[in-house]
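Q: Below: one structure in structure tokens.
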Amino acid sequence: MPIKVPNDLPAATVLEEENLFVMRQDRADTQDIRPLEIIVLNLMPTKVETEIQIMRLLSNTPLQINVTLLQMSTHVSKNISQEYLDKFYATFDEVKDRKWDGLIITGAPVENIDFSEVDYWDELCEIMDWSVKNVFSTMHICWGAQAGLYHHYGVDKYPLEEKMSGVFPHRALVGDDPLLRGCDDVFWFPHSRHTEVRARDILKNPHLHIIAVSDEAGVGIVISEKANQVFITGHMEYDAKTLSYEYYRDLGRGMNPHVPYHYFPDDDPSRDPLMTWRSTANLIFGNWLNYYIYQNTPFDLNDVGKE
């Protein structure tokens with residue numbers, strides 16, 4: 001089944017060229033079906049690339065999904081025009097009076113500064129508070145996961161001596177969580193971050209459960225007690241060459257980055273990387289949509305947040 005997007009969203013054309021089922025707004029309006037209503041709060045500077053990456057994963061399920069892109073009103077983007085954002089993105093004021101099945105909060109390249117110094121931090125906190133009663137399940141990605149764990153549970157982030165960049169093996173700590181259903185005993189996905197959350201801090205909170213870890217990358221996936229919040233510390237949504245782009249970008253900035261771990265064949269940046277996490281990403285996003293949302297969300301969205 002498709003995701004529904006605005007008629008002229010550029011990401012839709014890219015996804016259609018990949019033979020993914022994208023339903024334009026005008027066709028979707030004729031469907032008599034209860035689709036899932038998902039918000040994507042896109043905090044990444046690479047807006048269009050992130051749209052494509054997230055929507056590619058959302059579209060690969062049997063469920064029909066309406067996607068609403070959300071921008072921060074208190075932040076001025078340096079990498080895309082406000083005209084584009086106004087055309088394709090909603091503001092919080094435009095979505096806050098509705099209930100939603102799911103919310104995805106992406107990462108952002110701001111982990112080296114304190115949360116309170118992020119210019120849109122207050123607005124993000126308002127959105128995260130609102131999500132507790134108005135969204136059935138929220139997925140937080142990378143810095144979004146760190147922000148959510150800090151805001152909701154007081155879990156701090158810590159600076160790393162070296163950027164955590166690469167594709168790392170993870171293992172499940174639980175055998176029966178639906179989010180990991182179908183995953184291999186060892187499953188890989190990328191990390192790209194300068195800070196980390198630590199297991200010892202998370203384990204102090206009885207309302208949080210670590211369900212996947214990596215010996216190299218640390219905490220991988222955390223869920224809340226009721227599984228209405230998911231925190232993924234890496235970037236499953238990344239394309240095959242995203243880490244390569246970031247590596248060469250940092251080289252160009254004179255930052256002397258380490259070659260991403262377990263990524264380029266023979267650690268040779270001149271060779272094209274293999275994408276070893278595609279199935280993991282599709283499984284976990286699909287499981288989140290199916291088991292965490294579709295199987296449990298109320299048919300009447302107005303009932304979201306009611307005990």
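Cβ from N, Cα, C; glycine included.
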Q: Given that Swiss-Prot lists Ser192, Arg249 as binding substrate, which residue among Lys163, Lys204, Lys226 does it place in the same site?
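A: Within the candidate list, Swiss-Prot flags Lys163.
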Q: Minimum Cβ neighbour count within 10 Å among the recorded positions Glu111, Glu237: which residue?
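A: Selected from the recorded positions Glu111, Glu237 on minimum Cβ neighbours within 10 Å: Glu111.
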Q: If we check Cα distances from Glu237 (active site), which of the recorded positions Glu111, Cys142, Lys163 wins as closest?
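A: Result: the closest of the recorded positions to Glu237 (active site) is Cys142.
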Q: Least buried of the binding-site residues Lys163, Ser192, going by other Cβ atoms within 10 Å?
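A: Comparing Cβ neighbour counts within 10 Å for the binding-site residues Lys163, Ser192 gives Lys163.
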Q: Show which residues of the chain containing Cys142 (active site, acyl-thioester intermediate), separated from it by at least 6 in sequence, have their CB under 8 Å from its CB.
A: Thr106, Gly107, Ala108, His191, Ser192, Arg193, Ile232, Thr233, Gly234, His235
